[in-house]
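Q: So that we are looking at the same thing, I have put the structure below in structure tokens.
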């Protein structure tokens, strides 16, 4: 297979972890006889410094023309002024919109060797294997009208929570397709006791559930879901929810694994390139020290192979190598170990079958 991958290292530790993920992808490609080409481009704070914008039209066009996009991280204190007109995160939102991705997939699996690394008791974590699917293009983050003004002498801010039926259907249908390859259970999270948009969401999810009787569907209010994630996470399989709820719940779920550096994500649409990135931030406090955990980015590369290139054996090989590396006791600083970013990737490469 020939494939073009755009790499957006971004800010902070982004360049360090993406470099190791590219090494792993190159190794897998050599073994499988695939020709993967990698092109690096600027996005985020580094792009603001160089071009005055977080995402240039040229970089977006390159990403749209690629087979997949691998992202490191964006943002940092240098650009962290909420009053700024240009912020690194705008690049990420623009990229998602430009690529047409509508669903963010975040697998959360607790490795048996890392049960003691989580703030939760080990007995609550055994068997945790969750796929959280977050809708990406609707809701409060994109609804209009949006803005600030003065009304009756008082400052006012407005955000709009809006969903159209097709936006809900496509992400819930994706959740059911994914569930059929797992434990055949979907939990749809909403706030239908208060929000009209959540009532529409629940109605549509119910209809999709009726059309897929082989998959169990249950509805859960978002506050209950937040509690379930820390009281009995092993009871959850595929969780699907709207944009802001998903943003919050996925960050909560990330602590289950013991370190945010362990977890990958994939943002996919109906067609076109997917966007793959670790869930952690730019971690400016450790940037340049060579101690960041590359596992989340390496596992994001595995998702890239699976969802954008259709290379399931190669994706599974990376995941097995990561599992064995963790089982063998290899750890970066976030997990109480001493391995550098490069050394951790070296250990993964040694175990690639």
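Note: Cβ is positioned from N, Cα and C throughout, glycine not excepted.
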Q: For the substrate site that Swiss-Prot assigns to 96, 106, 223, which of the candidates 134, 148, 182 is also assigned?
A: 134
Q: Using C-alpha atoms only, work out the spacing between residue 223 (substrate binding site) and residue 287 (NAD(+) binding site) and round it to an integer in Å.
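A: So the Cα of residue 287 (NAD(+) binding site) lies 35 Å away from that of residue 223 (substrate binding site).
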Q: Around residue 134 (substrate binding site), which of the listed recorded positions (76, 80, 88, 141, 247) come within 10 Å, judging by Cα atoms?
A: 247
Q: Using C-alpha atoms, which one of the recorded positions 96, 141, 247, 251 comes nearest to residue 84 (NAD(+) binding site)?
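A: Comparing Cα positions, the candidate nearest residue 84 (NAD(+) binding site) turns out to be 141.
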Q: So around the Mg(2+) site, 223, 247, 251 aside, which residues have their CB within 8 A of the centroid of those CB atoms?
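A: For the Mg(2+) site the neighbour list reads 222, 226, 244, 245, 246, 248, 249, 250, 252.
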Q: Compile a sequence-ordered list of residues in the same chain as residue 96 (substrate binding site), six or more apart from it, whose Cβ lies below 8 A from its Cβ; state 'none' when nothing qualifies.
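A: Same-chain residues close to residue 96 (substrate binding site) (Cβ under 8 Å, separated by 6 or more) are 136, 137, 267, 275.
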Q: Going by Cα-Cα distance, pick out whichever of the recorded positions 106, 141, 191 is nearest to residue 283 (NAD(+) binding site).
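A: Smallest Cα separation from residue 283 (NAD(+) binding site) among 106, 141, 191: 106.
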Q: Quick one: what's DSSP say for residue 134 (substrate binding site), helix, strand or coil?
A: strand
